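TrEMBL lists 1-19, 66-91, 1485-1494 with the feature compositional bias 'Basic and acidic residues'. For 1-112, 1438-1594, the entry in TrEMBL reads region 'Disordered'. Annotation comment: TrEMBL describes 20-29 as compositional bias 'Polar residues'. If you look up TrEMBL, you'll see 133-221, 237-308, 331-396, 503-572, 592-661, 687-760, 782-851, 1078-1151, 1192-1265, 1273-1341, 1367-1439 marked as domain 'S1 motif'.
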Amino acid sequence: MRKPGQEPRVPSDDGKAPRDNTSPVSQRSPVPLPGYSRDPALPSGRSSASMASMEENFPRGGIQKKPAEGKTPKPKLERDNLFDVQHEEKTQKRKRSQNDQGKQKRFKADKTTPVKENVMNIGPLTIEALSEGMLLLGCIKEVSAYELAVSLPNGLSGFVPATQISDAYSQLLTEQVAQGRLLEELNSLPDIFSPGTLVRCIVTSIEKRDDGSRSVKLSIDPKKVNKGLSSTALAAGMLLSGSVLSVEDHGYLIDIGVTGTHAFLPHQKAKNYIKAVKKGPDLKIGQNLNCLIVEVKNEGRVVCLSIDRSEVAASVATERQNWTLSNLLPGLVVKARVQKLDPLGMKVTFLSYFTGIVDFMHMDPEKSTSYSPDQVVKACVLCVHPTSRAVRLTLRPPFLHAGGAPRQLPGQRMGAVLEEATVKAFYKQFGAVFELDDGTLAFARLKHLSKTRKSFKPGAFKEGCKHKCRIIDYSLMDEMCIVSLKHQIIEAQFLQYQDINSGDVVQGKVVSLKPIGMQVKVAHGIRGLVPSLHLSDVILKQPEKKYNIGDEVKCRVLECNPGGKKLILTLKKSLIQSKLPVLSNYEDAKPGLITHGFVVCAREFGCIVKFYNDVKGLVPKNELGSEPISCPDKVFYEGQVLKVMVLKCEPQQERLLLSFRLSSKPGPEDKWKCTPKEKQEVKYQIGEIVDVKILKKKDNGLEVSILEDEDNVVAWIPTLHLSDFVATSKLLWHCLQEGDVLPRVMYLSDKGEHITLSRKSAVISAVQEEQVVRSFSEIQPGMLLTGYVRNVMPFGVFVEFPFGVTGLAPKVSMSDKFVTDTKDHFVVGQTVIAKVMSIDEEKQRVLLNLKVSECSSGDSAAESFALLNQYFKELKEIKNLLRRGESSICELVPGKRVHLVVQDVREDGSALFSSSSVTGWTVTATRYHLGDKNIAPGEKRKAFVLHVDALTSEVYVSLREELLKQRPKRRLRENSQHSVVMQHVTEHFAIVSLLETGQLAAVPIACHFNDTFRFDSEKLRVGQTISATLKAVKENDHGVLLAVQGTAKKNVFVRVRNESETALEEMFPAVKHSLSPGDVVTGTVKSVKPTHVTVAIDDKLTGSIHASRILDEVPIGSFPTSTLKAGQKVTARVIGGRDVNTHRYLPITHPHFTQSIPELSIRPSEKEGEFTAMLNLKEEGSLKKLGLYNVGETVTCFVKKYNMFKNWLEVEVAPDIRGRVPHLLLSLNTKVLKHPEKSFKNGQAISATVTGTDATETNLCLSLTGIQSLEQDTISVGMVTNVTPHIGLTIALPGGKTGKVSIFHLSDTYTEDPLGNFKVGKIVRCYILSNENGKIQLSLRQSRLNPKINSKVEDIEITSIKDVKKGQLVRGYVRSITPSGVFFGLSTSLLGRILFQNVSPYFVHKHSLYEKYLPEGKLLTAKVLRVNRKENHIELSLLPDDTGMPSVLPESLGLPQYGAEEEKREADDEEKKEEPKPKTKRRRENYERGQEVKPKKRKICPADENDSGIEVYYREEEEDDQEEEAAKKKSKVRKPGEAPRLQVSMGFTWDEDNAMDIPVLDQKEESSESEEEEDKQSKLKKRTKKEKELEKQKKEKELCKVEAALMDPSRQPQSADDFDRLVLGSPNSSILWLQYMAFHLQATEIEKARAVAERALKTISFREEQEKLNVWVALLNLENMYGTEETLMKVFERAVQYNEPLKVFQHLCDIYASSEKYKQAEDLYHTMLKRFRQDKSVWLKYASFLLKQGQVEATHRLLERALKALPTKEHVDVISRFAQLEFHSGDTEHAKALFESTLSSYPKRTDIWSIYMDIMIKHGSQKEVRDIFERVIHLSLAPKKMKFFFKRYLDYENKFGTAESVLAVKRAALEYVETKSSLADT
């Protein structure tokens, strides 16, 4: 049996027919074989005669046929090779006659049809099946400068190089290269092609890449694509590819690749297409077109084309166009007939004879199940195989119109990880089709379904199974996402270049090293280049020595351009480890920003510094350093990484000015703006570093001028602020002279008369490292702060810190030693480090501790050495100053030998010397230093210099032999121990000599800034031998080595750990032990700390139990360590050990493990069962351990502390794993974020989500709010980082992102100063409006943040011009004033224009007046005059006549008015009337609308939504009129079936929030009385008789007034007595009792209010049920607001007994709902449904409640329950009411469905029809409303009812319809009447 695709057998030599067992039926078949060409010469409709002749030529069974002349018969061996369909060779090498060809093909067809049908390969196309010459339809995916990336069918892809576009384009490219200049007519590929365009292409080659994958090279050159066409084969209606050859006067010459044919495209036929593609006014050479042949002339030598989109789209390939298999083109739309269906697709026939296949990926997804054999469908040819001629087609809708475009994937979906994708179908050889969350389909190839072939389980891919997957690609030709289920792909950080952002730190693998740099593979398909400049911090000459191919490297992204697939990386460590902000665009370069950059060029004008994303700026010469640099190119080198500060940035021009001096200085343009005093305040901030010039030396300090300032701002440096050391401060003051320049001085404060500066290096570094507090509120107990002594008092020391915060260290906390006199310990101005003990917030006092044991780091050697180093550094500066004067003395350094003459020997045994080399200095030697020598005046002696004191001009020398003796210098090692002899002691250090070598060294006396006092017994004495450790082995400028006092010194203090170490607060002795992990030990709890417990294992050995090792299940919020008490016995298991000194965890293989502190666990699971020894890894254990935590994993961790400086919460996850929670990820509650330190207690267990590791990879990065997605339409929290006037806010969001808030999104009500409430650092909740391309737009509107609280939106959001209607009143902000008018912002993106004649009724000459009265950002109300949607123009007016607001230009300016005098008067009157409106109007709108009112009452103030059923009076005379009108209107519209609302004429409201807003007293009366009292006192003395008489009359009038007021029934009661009097008069009036309660509540006397309520319940007559109920409701309200749940329930139970229970239940439900106690409300409703199940009002009320909560599904279920519970007669009514509720606040579609189902059951219920109509008129579209009316008027109802409906229909059309629609209704009515009358007649 022949296989598909096999050639027909040639008859054998012996003349017999070939043996074949094919059935006779197959031989008779007239249908050609699928995939084989029919004869192109034969006409499409053959006659029966020709068929008969065919029959003769090929009689059934075959005849004897001689082989064609010259053709050898085929050997039988080759037959087997023919079975391979796809790799088949053409067997017919030479041309036959056409007749012969026809016969041959006919024979093929006949012989094999049925066989082929059975085994045809229907599966999708694979890359193996592609072969050279294959024609395909592709879709351009990406366009780059040199190639097109093309998406091919079945998820394949290929590329078209620029040389394969067309001959004309290639010629231009060659010409450009030859000429070396840009040609005008040559356009780049992105200018010609757009992604999403369909193109016909041909495979030119398939190359194998290094990694084994195949690369498909394509061509779209018409010569190659259309090679099967000849000029004779061209016919009108054919659709083929063409390429623009040249542009002519009347059109274009098109290359269609057919030799001997010229194709022309007239301009007329191209116009429509050019407009649609928007690629310029003309077609460009090389542009690929889908051309339709309109006309063929001269036998195909000339053809006329069209590319008109509508003509091309309508074209369909037909038999008449004579397509053959040799020239069939992909992209042709054909009519096909389904022949056979298969699970993998279907087989179809088309163009009568051709057969093709459609695979499962190309069925129409909408109809995939509804295909049937013989069905005719539209299809599009996808590809044609060159040898087998197999044709594939697609039925997908976008391809069924030629020139269509497939659907694109939304950008944000690419790379998305989908938690649940459902398997739709699984094909075992190809892969699986999934349905994604948005309903679209996706395909996963077989290799992407599992990690390896072996791990693949087909059972997991049954239909309906769900899998996690990631979108890795999108196949445009299949309109399907390509997904992968591979774990490594789902977890991959980067999938495509778009995922990488500038500044990202990435891991990569070295691929190759080239002269330009190093290529690094970041991920599959992503490669980056590290330029040679960026291979290291310094330039590498031989990078191959440092890097090898295959090395793993950590890089940082400098620049990523996804379009060009360009990724530039850096390996500079200083950039990778930088914690400073990433500067990747000019907009982020705010003045004052400090960041890292790298020098790209250093020239005489300065340095050019580059940052990320090619952002670069200039550091001018004067900003290169604090001192002038003449040749920057010698100081700075290319590639050098430096910290820079932004001075100025112009983002539009991309200009950036930078400075290497990291202190902000204002630009010169600011200088003239302010007075000198103001300038000082504006100009300098605390902490800023300045250079100063000394003006004057005073006893207690220096008067200096700040150099940068030309106006010489005068400042003051107190003497003791010149240095951290008292002695150095005095010496520096002594050495400095007027006119000297002092560099690097810090601005300390501007309090008092002058600016104070400081030069204390400890204070400066504390400010620069942000280890400071800026205000009292930032201080936390336990902080260590650097400051200086402000005052020394007998009871303690006052310490001041930078930014002016002061604290007291009481006498008891001043020192570890006993303090007798405070002045012995500290002096004013001395630098100290203080620890905060406690704070008193009320009195704003801080108590400090200055004890060295509390304030030191514990490493006294390191601290004392740092002090000594700093001291000598400062001494060196002083020495440089001294050099200017006395150069001789500077040569005297300790250790120098000099010749001296003895001058005098003193009584105490010391001697004075003199020398010619040291004139003016006193040279002395103490008795000890004279040794045993007897000396006399006049003798010459050789001496050894010990110390030079410049302050007292004294030189100390020694004559001792051991010092004078020259000894060979030995090589000394750092940190070596030596015995030293004390030779000389100064204030801060001592000079000692090494016993072995005699060399001098300096040893610090103090080990800490606070270590200032020594008892006599502790003081160092000359001649004493001590032990010391050498720290600097080279002699410094002062001739001494540096050392610290060694192990002999006893004061060892508690060490404060680094962050990476565990919180063990005791110093454990190093005890050798034999424990190893797994050993069980018993011990006693020694101390309990928040995150760990110390346990004494035996007398000497101490272990530690971490909080995570106490319980197996840690309850969140608990404190695990508190479960253990000191003294308690515990049994624990050793799980690890730590180094005694560093507290780092040691691997168990470590040699010091036996000397470690054992880490224990008492977790039951670890004590009894298996356990994993901690840290059995190598040294980098903790790094690897961090890798065990996956992003998104939830961990339990324990609070360590909240770090105020870094703004993060430090936590411990395990003994060896730390974590940090950034501030914004602590909570979604803004209250918690404002005071995070108060919300988290040390040691507390909290649950956190892992978001990654920090840059140093020593801590986990955690989040307490989950992983923030920042997707559109979600709510997040943020912190204001920048406030831009008139523009809006910049907000920092979780995860380091930033978003922008426009001023139009700050509030639902615009205000005059919208940004007034926002300060930098404020925490806000924000709604994400959009998140596109990394730009996040936010909204702070309450209507967005709390949509359930239907608060009044005064200024609705205007998103586009469609939201603006003519005649509408809108509010907005003035944007700018230009000669053409005022531009007015209506929203972020929308501007309106106000012409000057519409700004004001006055005529204005000077436009500056407008600028004065309409400044930028002014809030105004305007009326829309015109809206031009096409041009996006809005015309507005501010005229008072239009807006009802006062004129923006005041009348007082006396400007002339447009128009006549009368108009002016009218306008004035109008203005006066209108003036008070805005205030009252806004006041009214601040309260909720829609209240019910008791008809009798006049005045009303609407209450809040969550009020109590009591309305509150307040009076303000100017509003009375409006209030009365409102009351009259509202009294008429009370909702049916609801109790009348109560009013309380009192300044009390049931809503706590508003209680403060409403004035109680009449403000005006009160103020006037107080004024009169003042007048009386002032005029009492000077009064005439007449005045006294008048006064008397006035008093009488006032008395009359008071009496009248008391009698006035409308008078407001003012006291409890007034109320008592009133309730006696009207005991049954609940309103009076409620006012009385409100009176007490206003004074917060809750008990009295309760008592009044109880009195009322006893007093009111039992007949007055409603009045009593009102009091009960008020009492319930009171208990809900001020009582407990218990007291509320008691009142409720009583109320139910005394009133109608249902009403009480309903009132309490309302109270719960309004006070947002939704849980209680829901519970109560459940009780009601059980108790009053037969009452439909309960069901309806509950439904309304659920819908307000947004629980639509729950409402649907409730309806079902209601219908079961209620009697049948109620059903229609209940369904109707439920539907109404759903329309208002639920699912409108469901509501419509309810109405429709009811009306289909009860079509004659006209009441339901009416309700449905009303609602649809309000909520539905006009079409829907008309459909309902049409249905109603065709019902057979009573004429009276029909008349009603016709009348309603007519009213509706009159209001909303057109004249035609009104006529149509009248016609329908007439028809109805006529049919009725005709019926009546019959």
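Placed from the backbone N, Cα and C atoms, the Cβ positions cover glycine too.
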Whole-number mean of pLDDT values that fall within the domain 'S1 motif' (1367-1439): 87
Per-state residue totals over the domain 'S1 motif' (782-851) - DSSP helix, strand, coil: 9 helix, 35 strand, 26 coil
Top partner of the domain 'S1 motif' (237-308) among 331-396, 503-572, 1078-1151, 1192-1265, 1273-1341 - counted as Cβ pairs under 8 Å: 331-396
Recorded stretch, among 503-572, 782-851, 1078-1151, maximising Cβ pairs under 8 Å relative to the domain 'S1 motif' (133-221): 503-572
Per-state residue totals over the domain 'S1 motif' (687-760) - DSSP helix, strand, coil: 13 helix, 34 strand, 27 coil
Three-state composition of the domain 'S1 motif' (237-308), taking helix and strand from DSSP: 14 helix, 34 strand, 24 coil
Number of helical, extended and coil residues in the domain 'S1 motif' (133-221), per DSSP: 23 helix, 36 strand, 30 coil
